[in-house]
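Asker: Can you keep this structure in mind? I'll have questions shortly.
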Amino acid sequence: MKIDILTLFPEMFAPLESSIVGKAVEKGLLDIRYHNFRDNAEKARHVDDEPYGGGQGMLLRAQPIYDTIDKIDANNPRVILLDPAGKTFNQSYAEELAQEDELIFICGHYEGYDERIKQLVTDEISLGDFVLTGGELAAMTMVDATVRLIPNVIGKEASHQDDSFSSGLLEYPQYTRPYDFRGMTVPDVLMSGHHENIRRWRLEESLRKTYLRRPDLLEKYPLNQEESDLLAKIKEEM
């Protein structure tokens, strides 16, 4: 995969070099590049200007963004604009992006964008209903969530297939050694070696956690008969 990031602050992305993203680069699975679009700005390197019609704040000008993307060697890339008004990013969207060969992220600053920038864009994406000072943190989050899904980036395919949200449910509780830590013990079923009982326990606990913490996920999750029965049992216990 090839990722190009347009930003005024490329140094902010340094932590990615020591993360799973850096390992993907080392393995040759990812080519990631940062472009300071101020370098392509006309008018004394100014990237922003006042909005026509008046109003608060400054807007990113279209010219530096267009000229920077024109110089990127890309073949039909997915172009993502980080915008609080965009569609909310989630796990299914990360899985979708992980199937792409080329991605471009545009990180904004100031009050907003010249609307004409959006003519370049395929996706307008937000992390949620809040505003950050810039798009860099959002881009780092999305890149990390996407890159870890590229085949062979992390050790085992199943290790991310069982993640919370990948299955549509929150992940079940997990334990490691020691068995007894300060009086808190591992559930006996996990020590039993009975694979079917373990599978059913994990499913029940996954449903329980989802029901208690994110019931909205269950509204769109297609329950099978076993899951319906377990969920009914959980509700009776409440």
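Please read every residue number as a count from 1 along the shown chain.
Backbone N, Cα and C atoms are what each Cβ position is placed from, and that goes for glycine too.
From Swiss-Prot, here are the annotated features:
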- Gly108, Leu127, Gly128, Asp129, Phe130, Val131, Leu132: S-adenosyl-L-methionine binding site (BINDING)
Asker: Below 8 Å Cβ to Cβ and six or more residues apart, same chain only. Which residues does that give for Gly108 (S-adenosyl-L-methionine binding site)?
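Answerer: Result: Leu60, Leu81, Leu82, Asp83, Gly134, Gly135.
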Asker: Please list residues from the chain of Asp129 (S-adenosyl-L-methionine binding site) whose Cβ is under 8 angstroms from its Cβ, counting only those at least six apart in sequence.
Answerer: Pro84, Thr88
Asker: The record names Gly108, Leu127, Gly128, Asp129, Phe130, Val131, Leu132 as the residues that bind S-adenosyl-L-methionine; what is their largest Cα to Cα distance in Å?
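Answerer: This binding site's residues have a maximal Cα-Cα distance of 16 Å.
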Asker: Across all the protein chains here, work out how many other Cβ atoms are within 10 Å of the Cβ of Leu132 (S-adenosyl-L-methionine binding site).
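Answerer: For Leu132 (S-adenosyl-L-methionine binding site), the 10 Å Cβ neighbour count is 16.
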Asker: I'd like the number of other C-beta atoms within 10 A of the C-beta of Phe130 (S-adenosyl-L-methionine binding site), please.
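Answerer: If we count other Cβ atoms within 10 Å of Phe130 (S-adenosyl-L-methionine binding site), we arrive at 7.
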Asker: For Leu127 (S-adenosyl-L-methionine binding site), just count the other CB atoms lying within 10 A of its CB, please.
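Answerer: By my count, 18.
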Asker: So how many other Cβ atoms are close to Gly128 (S-adenosyl-L-methionine binding site), meaning within 10 Å of its Cβ?
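Answerer: For Gly128 (S-adenosyl-L-methionine binding site), the 10 Å Cβ neighbour count is 11.
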Asker: Measure from the Cβ of Val131 (S-adenosyl-L-methionine binding site) and count the other Cβ atoms within 10 Å, all protein chains considered.
Answerer: 8
